[in-house]
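Colleague: A single structure is presented below for examination.
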């Protein structure tokens, strides 16, 4: 299904994408948009991989490829493509036989995490993974507070289902209760596997 | 890291990519290249998802994005991007709490599966997943024979390590012994979860 989006199509999608790309200077390339929390997680994943602790990878950005050139004697060049909404979460992998699945989110908010940072299909994906006994969570970074939490997706899904659309958020007070706080370190930078151990332990009880 | 590959760069990569894209008519879009076995697996994954049996997704094609345009009032357009080698396998997900990880391969060969269809980094990824107790395998389609097998990645990794580069292949006779044959059906088209059950059972013994 190669859909070429005409001008003006998918305005909502476009608004969302614009917000996502807001940080990217148009002079620099897209890949430099510098999501620092994401980088810290990627480096932590590298650490866990290299130390034989867990195999976790970030999924590639989903792209709808429309036009490809095949110049002679050089690599194929994609000349036209569009960003697609991710249908799942950003990260998954394996840890001690467990299926891990998570999304990394950053907020400047100091008192709550607004759930509109998540998409409906991501919530659905979390719900499905939970049903199949996956270890599913969100890594949340309060950038203004310098605090990091792992939140079991179970709570996210419940909050999403319970609340009215306008109010969808988890307060910091709630997060302090239901989440597992992660102290940011050096190697790995986000030592989230310790929190995963706690999560698995609490699920097995 | 936004690397613009100059002409003539990455010749080997380019050859591999050309072979992969051989089927794609340059008149049609890339997305229509029609890997039929892959489609059958994707539909089987949809079936498993919709029937609440397993959550398995194909990872997006890894793409190095170099240039993006942000036209007013329409979606961001990727104007220059390059295919990257996949660092992992194509599919992963969760089934009854188990981490599943696999690659789908098709061969016209009637007597063996040449291992050069796989990349070194995919072998490494399989090795890592196996270490962490993932359920890791290859779904292999002998298109000339109309036969489908699930092969535990353990055998693939061993064959890769044992054999000389020129001879890297698994004969059909070997595959009939070590693999689990899958009878292609209607819904799901590739009922591989049955074979996964067998694989898990044999691992638990």
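Backbone N, Cα and C define each Cβ position, glycine as well.
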Colleague: Per TrEMBL, what member of A:96, A:116, A:122 joins A:88, A:90, A:103 in binding Mg(2+) at one site?
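Modeller: Matched candidate out of A:96, A:116, A:122, per TrEMBL for Mg(2+) with A:88, A:90, A:103: A:122.
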Colleague: A:90, A:103: which of these binding-site residues has the sparsest Cβ neighbourhood within 10 Å?
Modeller: A:90
Colleague: If proximity means a C-beta under 8 angstroms from chain B, which of A:88, A:90, A:103, A:105, A:122 count? These are the recorded positions.
Modeller: A:88
Colleague: Note down the number of other Cβ atoms within 10 Å of the Cβ of residue A:105 (site 'Transition state stabilizer'), including every protein chain shown.
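Modeller: A 10 Å sphere around the Cβ of residue A:105 (site 'Transition state stabilizer') contains 21 other Cβ atoms.
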Colleague: To the nearest Å, how far is the Cα of residue A:88 (Mg(2+) binding site) from the Cα of residue A:105 (site 'Transition state stabilizer')?
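Modeller: A Cα-Cα distance of 14 Å.
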Colleague: List the Cα distance (Å, whole number) between residue A:90 (Mg(2+) binding site) and residue A:105 (site 'Transition state stabilizer').
Modeller: 10
Colleague: In the same chain, outside A:88, A:90, A:103, A:122, whose C-beta lies within 8 angstroms of the Cβ mean position for the Mg(2+) site?
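Modeller: For the Mg(2+) site, the extra neighbours are A:86, A:89, A:91, A:101, A:102, A:125, A:126.
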